[in-house]
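The active site, proton donor/acceptor annotation in TrEMBL covers 74. Here TrEMBL flags 22, 26, 48, 49, 50, 51, 68, 69, 101 as substrate binding site. As annotated by TrEMBL, domain 'MGS-like' applies to 9-154.
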Ligand SMILES: O=C(CO)COP(=O)(O)O
């Protein structure tokens, strides 16, 4: 990690959670979200286009929907993460199917690692994540120090 220094930021008690699922995994995400509806309702939710529409129909909770994933939605979620506007990613990506927007998916997962946000890529991890006591309290985490990064660039 040459050239990158880090600082601390705080994830608020009310998390901004992005929810994303590939087509064959949407059923799993919808069932998971319904099981965790009470917890999810305490947080701010956003999703890629189709996932968001299906989730809002199933849960009846407010969900901000981006564009559909293959049309740029993954990139929109990634941009929110880079802007520190999304605190957590639940992304049930399909390990059995190639996706036309694979570079976007990789970019989304990369930026989530860069900004050190909690990520769950399957149902079991998502269960663990939502049952964490950190879900309902502020949590300090390590993030890139962008000010120091820029200073080092000029
Ligand atoms: O393709 C996706 C994530 O890579 C999800 O997009 P949709 O929610 O629009 O299906």
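Placed from the backbone N, Cα and C atoms, the Cβ positions cover glycine too.
Bear in mind that the values here come from a model prediction, so they are computed numbers and not experimental data.
Features recorded in TrEMBL, as mapped to the structure shown.
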residue: 22; record: substrate binding site; Cβ neighbours (10 Å): 22
residue: 48; record: substrate binding site; Cβ neighbours (10 Å): 27
residue: 50; record: substrate binding site; Cβ neighbours (10 Å): 19
residue: 68; record: substrate binding site; Cβ neighbours (10 Å): 16
residue: 74; record: active site, proton donor/acceptor; Cβ neighbours (10 Å): 29
residue: 101; record: substrate binding site; Cβ neighbours (10 Å): 17
Same chain, not part of 22, 26, 48, 49, 50, 51, 68, 69, 101: whose C-beta falls within 8 angstroms of the C-beta centre of the substrate site? Give them in sequence order.
20, 21, 23, 47, 70, 73, 74
Which residue counts does DSSP yield for the domain 'MGS-like' (9-154) in the helix, strand and coil classes, in that order?
72 helix, 29 strand, 45 coil
Cα-Cα distance maximum in Å, computed over every pair in 22, 26, 48, 49, 50, 51, 68, 69, 101 that the record assigns to substrate:
17
Whole-number Å only: compute the distance from the Cα of residue 50 (substrate binding site) to the Cα of residue 74 (active site, proton donor/acceptor).
12
Distance, residue 74 (active site, proton donor/acceptor) to residue 101 (substrate binding site) (CA atoms, angstrom):
9
Rounded Cα separation (Å) that holds between residue 68 (substrate binding site) and residue 74 (active site, proton donor/acceptor):
8
